[in-house]
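All remarks here apply to the structure that follows.
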């Protein structure tokens, strides 16, 4: 090592295109597919959306659209459509809460109590995906319909008045959201519950924890990564959903997704639709960042 | 502090009576166990894997339901008590530390569940006893195996249980650390004076630490006693082979001399050897078949014709077939005149060099070191299971 003379040690830069330089480039080649994918499917659409939100609001299909940095679009969109926006967040929060309760019970049962039925039950959780989202929501329209057996049964036991209905109420919309996004809650919950070592629960009960104490002190904290993952996977798409509100609700249950859809397809008010989309995205981003910080999941994930 | 401190000093022994565990598939893990473990003792349940020792421990902890029989501590019957209401704590085989809690929170877990408000002092004390003070704020995953083991011990000890159950607590550690922890455990047990019930398949571990050992095999206790009793006077072929090594030679009783402290005379392949009556675990009537047993280090050999230091049962005409020098001693395999081989371990006292294979030797052992076992037992029981 010490005896190496400068003459026998060619500097790497002297050998152009040598192995060292090639190695330097390998990393960039490897991220190329991902970078192209990200550019094509995220950066370009995102830029297009952002540009749309800053269109001149007076543009039309005939006169064309110009990016005029018309930031007032945001103000207008918010002042006009704050109600569907708040409603979206509220419905999504309700649906997420219901999903969490139902999903936790289901995931817990599959992870700890299903025994040899575990795999079958997991398949059953995913099975609804074999049918289209739209068709399943339409069937809920039939089930919750005014002449359906659910309404009949509820009217018979006087939970529902004789001229009250389920369809076209917030109940139907939230129920639809809960139903449609339940698998997104169950799967992450199952994944983190299934990883919990049963001996930890035994250890807790050995250390004077009753079953409920053991659940809240050991099982629940250890399942938090699944809870965070599941709530995000449910809340984010539920906020932007418009199928449930349009099929199961009435104009009174309009969510922000419906508004954006109308603005884009019916009214042709691209600027306002774009602005509303960007606002929705920002609100979700802030909420999620706050939530993750609050849940302290860096350690758990 | 806890209910333990207020408990009367005597009479809180752990008693297992007719304890049985049968699984729904018909497998009987524990046949019918009767054990009395005095308060404050270090008790070891020793046996090969699958012998039912862990099942027994889990029944005491309440993690396994009891099929029949009862478990009592003093006059308190805990057979069907919920695990979290038993004055018993367990050190689990894989420690089962809570990964989401710091070391001090892991240790404080039991006290908090019992509603103790001020846990700081006791936690600091127990962490000091187990030399973990510096790790208090770390998470279990940041600790080495030996440290995790001590956390598991501290987490159980802090509750001052009436009985501490240890389920192969040193199994996951490497040999050197295991030796160190054995002494550590023994020191802590002496210091706190609690009843320790230790389950292990490692005979050396059991003998190093325990006051009393119960050797278990196939769901029953083969023999119970102090380490020296079990080693010096095994009652079954399983114990003779599982605890150390034994030479077992077939023979039949030809007579009994003297009374209770007399000698049983056994014809062993043409040589009559004598065995003290209290070491003969057979019906000592003439003609009874049995296994004559003697530990290899009690077997003395000398080149044919030379006198042997401590003559006793004396045999001639043996040949060394193998000798291996392992430093502290030399291990000889000797073929006896009747064709079977015997082991003889000779201390390296320097009095004589290693005898080469092929050397004709005389073999002898003192009668008081021999034992006689029932011939109906399998001569190979317990071999290769340790």
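Numbers here mean position along the shown chain, with the first residue as 1.
Keep in mind that glycine also has a Cβ here, set from the backbone N, Cα and C atoms.
Source: prediction; values computed, not measured.
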Given ranges A:214-236, A:237-259, the stretch to which TrEMBL attaches the annotation transmembrane segment: A:214-236
Of the residue ranges A:53-72, A:273-292, the one that TrEMBL records as transmembrane segment: A:273-292
Remote residues contacting the transmembrane segment (A:119-139) - C-beta distance under 8 A, at least 6 residues beyond either end: 106, 109-110, 176, 179-180, 182-183, 186-187, 190, 243-244, 247-248
Of A:171-193, A:214-236, A:273-292, whichever stretch has the most CB pairs under 8 A to the transmembrane segment (A:28-50): A:273-292
